[in-house]
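Notes for the one structure printed next.
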Amino acid sequence: MDETLPGSINIRILIPKLMIIIFGLVGLMGNAIVFWLLGFHLRRNAFSVYILNLALADFLFLLSSIIASTLFLLKVSYLSIIFHLCFNTIMMVVYITGISMLSAISTECCLSVLCPTWYRCHRPVHTSTVMCAVIWVLSLLICILNSYFCAVLHTRYDNDNECLATNIFTASYMIFLLVVLCLSSLALLARLFCGAGQMKLTRFHVTILLTLLVFLLCGLPFVIYCILLFKIKDDFHVLDVNFYLALEVLTAINSCANPIIYFFVGSFRHQLKHQTLKMVLQSALQDTPETAENMVEMSSNKAEP
């Protein structure tokens, strides 16, 4: 027999929803700080553009998760079916965008390590900006088409073929992102830690590797669930509710963890009392091995207004 609180709220549902709200609030603050610093206070480079867009996607996803969990706990229904559909579509857009940004970051980092000369000399200047714009537009189109064929038209007449096609395309796109992310991550690890030509590890490499590790541990299970849901939607009703709630909590942790990773890596071996948040984030995105000259430069930046 399930334990309930007054108002018939199941404890097994209440605790995960509260965890989502708590992790969401922490993640909102962290991603907002990252977005604010990268957007207005730090000079942008190829990777910081991706990090900025990833922070925006995580911020919007956590905000949507908090709203959905709060409405569920308060037993407040959505204003209308259209609002519910738009809300779910936006949540899906920012979620897929976040995965796409991670894949793009991993690929760019892999290219910069495997082909450093080509990357420095021949990479188009505005590649990051163009890629981020393409990712946002593509994610938006995929989710709008999926919602249109599987929600709007499906309620009016039999539209199973079109819905199935969009589900297969969406699942295939997510599988493609996972394959790219995993292969580029393995190549990056091999280049950094294996073979005769090992490269010196930078703080940025540590930041990216930790971010990818957290995603594989906390974000990947929900991605696999989404892929299965898109491919066998009509027959995928056997998943335990508690397991699904655990996946939601892990996804919230994944979106919340990135800013914590940035500030942890940036402050490692540094005295926190002598550092600002701007300096910590700048240090986490440092793409050159630490030398005495780098430390002197960081100290001089501290003295700047």
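Placed from the backbone N, Cα and C atoms, the Cβ positions cover glycine too.
Both S48 and A104 carry the same topological domain label in Swiss-Prot, so the record keeps them on one side of the membrane. Residues 53-54, 57-58, 60-61, 64-65, 67-68, 135-136, 139-140, 142-144, 146-147, 151-152, 173-174, 177-178, 181, 219, 223, 251, 255 of the same chain lie 6+ residues outside the transmembrane segment (79-99) yet bring a C-beta within less than 8 angstroms of a C-beta in it. Within the topological domain 'Cytoplasmic' (100-132), the DSSP-based counts of helix, strand and coil residues read 28 helix, 0 strand, 5 coil.
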